[in-house]
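See structure below.
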Amino acid sequence: MKILIHPTSEGAVKAAALQIADLLAARPEAVLGLATGGTMEPVYAALIDLVAEGQCRGDRFTSFNLDEYVGLSADHPQSYHHYMRRHLFDALGVPAAQTHLPAGDAPDLAAEAQRYEARIAAAGGIDLQLLGIGANGHIGFNEPSSSLASRTRVKTLTRSTVEANRRFFAEGEAVPVHALTMGIGTVMDARHILLLATGAGKARAVAGMAEGPVSAACPASILQMHPSVVLVCDRAAAADLRMTDYYETVHPDGAERTGEPA
Ligand code: F6R
């Protein structure tokens, strides 16, 4: 795992956006796995800027999002369909047929989950999966105790995740308690993984992910078994890591290359 610790969250966000832009510059038709949540909003804004500056094209990729709330239609303002249009797809002008999210309002959610897996496979699999991390170590909405081999399915959200998501909903509005999410096995099939974590609230999860035992108690820890993972974080999110000296020796201030092997 490559661990890049940036002095600031702005630096970490920019570095994550640049990694996506580098891939799209090399392969505009790459298949991206995308995430939502507060961490990703500035990443998508930075990526839109990079496309506007001509660093890469932003209208040829195919994308598959990690998850959608069960019960929310694609036009619900708090749905992840809506989030993706608002924060990325509309600004890039990416054709809707190239973007995919699971349908949280499908009448048969098990069939929808299978259909989603089949679509990812038909697209040739995911080249780069972008991930955030929950304070409890979840990736996608694979909460602690999720099978480390799971595929796309409905998961019940933990109380702490529901509370964390409440900030995106209006006061008094019901916050969904179920999500249709790619499984951990689905995420692990991606050829490359980029996990971004910013802020002190993620410090414990980041330490569990990178240095803890591989365990369903911290679902992100399975990423230790993936051959191509980059963790980009800021100093606040890195605060509980034990081997920071080493990571900063290899990649000072989150720099990609120092002339030493990673
Ligand atoms: C959402 C997703 C989640 C979030 C995580 C962190 O698509 O994949 O795993 O990445 O809940 O959310 P924020 O960034 O809001 O802290």
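Just so it is clear, glycine is given a Cβ too, placed from its N, Cα and C backbone atoms.
All annotation found in TrEMBL is predicted automatically rather than curated by experts.
Quick look at what TrEMBL lists:
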type: ACT_SITE; residues: Asp67; note: active site, proton acceptor
type: ACT_SITE; residues: Asn136; note: active site, for ring-opening step
type: ACT_SITE; residues: His138; note: active site, proton acceptor
type: ACT_SITE; residues: Glu143; note: active site, for ring-opening step
type: DOMAIN; residues: 12-225; note: domain 'Glucosamine/galactosamine-6-phosphate isomerase'
type: SITE; residues: Ser146; note: site 'Part of the allosteric site'
type: SITE; residues: Arg153; note: site 'Part of the allosteric site'
type: SITE; residues: Lys155; note: site 'Part of the allosteric site'
type: SITE; residues: Thr156; note: site 'Part of the allosteric site'
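Shown on the structure are the features that TrEMBL records.
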residue : record                             : Cβ neighbours (10 Å)
Asp67   : active site, proton acceptor       : 22
Asn136  : active site, for ring-opening step : 18
His138  : active site, proton acceptor       : 25
Glu143  : active site, for ring-opening step : 21
Ser146  : site 'Part of the allosteric site' : 20
Arg153  : site 'Part of the allosteric site' : 22
Lys155  : site 'Part of the allosteric site' : 23
Thr156  : site 'Part of the allosteric site' : 12
Those recorded positions of Asp67, Arg153, Lys155 having Cα within 10 angstroms of Glu143 (active site, for ring-opening step): Lys155
Recorded positions near ligand 1 among Asp67, Asn136, Glu143, Lys155, Thr156 (Cβ under 6 Å): Asp67
Among Asn136, His138, Arg153, which are recorded as recorded positions, the nearest neighbour of Asp67 (active site, proton acceptor) by Cα: Arg153
Recorded positions clustered about Lys155 (site 'Part of the allosteric site') [Cα within 10 Å; pool: Asn136, His138, Ser146]: Ser146
Cα distance (Å, whole number) from Arg153 (site 'Part of the allosteric site') to His138 (active site, proton acceptor): 15
Arg153 (site 'Part of the allosteric site') to Ser146 (site 'Part of the allosteric site') - Cα separation in whole Å: 11
Pairwise CA distance, Ser146 (site 'Part of the allosteric site') versus Thr156 (site 'Part of the allosteric site'), rounded so that it is a whole Å: 10
Pairwise Cα distance for Thr156 (site 'Part of the allosteric site')/Asn136 (active site, for ring-opening step) [Å, integer]: 14
